[in-house]
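Structure first, commentary second.
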Amino acid sequence: MLKLVILLCVIESIYSLSCPCQWNKSLRDSCRIPENCLAGTTKDVCGCCDVCAKIEGESCGGPWNIGGSCAVGLTCVKVDKRNFHSKGVCKLN
């Protein structure tokens, strides 16, 4: 019984790190269209929905790029360059 519980916990933790829209078309179809994006749009963390791209000075990056992506012509400059998953700030290339 304990082995089954552990197995289910492992499966659930793997599932929680995945993007559900990869296999669920209705989630992709339910994406909201972003409005008033100053720098255009980019895809969200899962690559499913369009979101507003970050502009110069905004926070970006983080684990799996959870903080968002910078607009074209900007780069996410990490505050802590030693930490791969650290957040950054969008700056001109």
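A Cβ is built for glycine as well, from the same backbone N, Cα and C atoms used for every other residue.
Swiss-Prot lists 1-16 with the feature signal peptide.
In terms of DSSP secondary structure, the domain 'IGFBP N-terminal' (17-93) contains 11 helix, 22 strand, 44 coil. Under the heading domain 'IGFBP N-terminal', Swiss-Prot lists 17-93.
Summarising the annotation, Swiss-Prot assigns disulfide bond to Cys19-Cys46 (among others). Over all protein chains present, the Cβ of Cys46 (disulfide bond) has 14 other Cβ atoms lying within 10 Å.
Marked as disulfide bond by Swiss-Prot: Cys21-Cys48 (among others).
Cβ neighbours of Cys49 (disulfide bond) (same chain, under 8 Å, six or more residues apart in sequence): Cys21, Arg28, Cys31, Arg32, Lys43. Positions annotated as disulfide bond by Swiss-Prot: Cys31-Cys49 (among others).
Annotated disulfide bond per Swiss-Prot: Cys37-Cys52 (among others), in sequence order, evidence recorded as sequence analysis. Non-local contacts of Cys52 (disulfide bond) by the CB criterion (under 8 A, 6+ apart in sequence, same chain) comprise Pro34, Asn36, Cys37, Leu38, Ala39, Gly40, Thr41, Thr42.
Of all Cβ atoms in the shown protein chains, 20 besides its own fall within 10 Å of the Cβ of Cys76 (disulfide bond). Look at Swiss-Prot and you will find Cys60-Cys76 (among others) tagged as disulfide bond, backed by sequence analysis.
Annotated disulfide bond per Swiss-Prot: Cys70-Cys90 (among others), in sequence order.
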Listed disulfide-bonded residues among Cys19, Cys60, Cys70, Cys76, Cys90 whose Cα sits within 10 Å of Cys48 (disulfide bond): Cys19
The one of Cys31, Cys48 whose CB sees the fewest other CB atoms within 10 Å, among these disulfide-bonded residues: Cys31
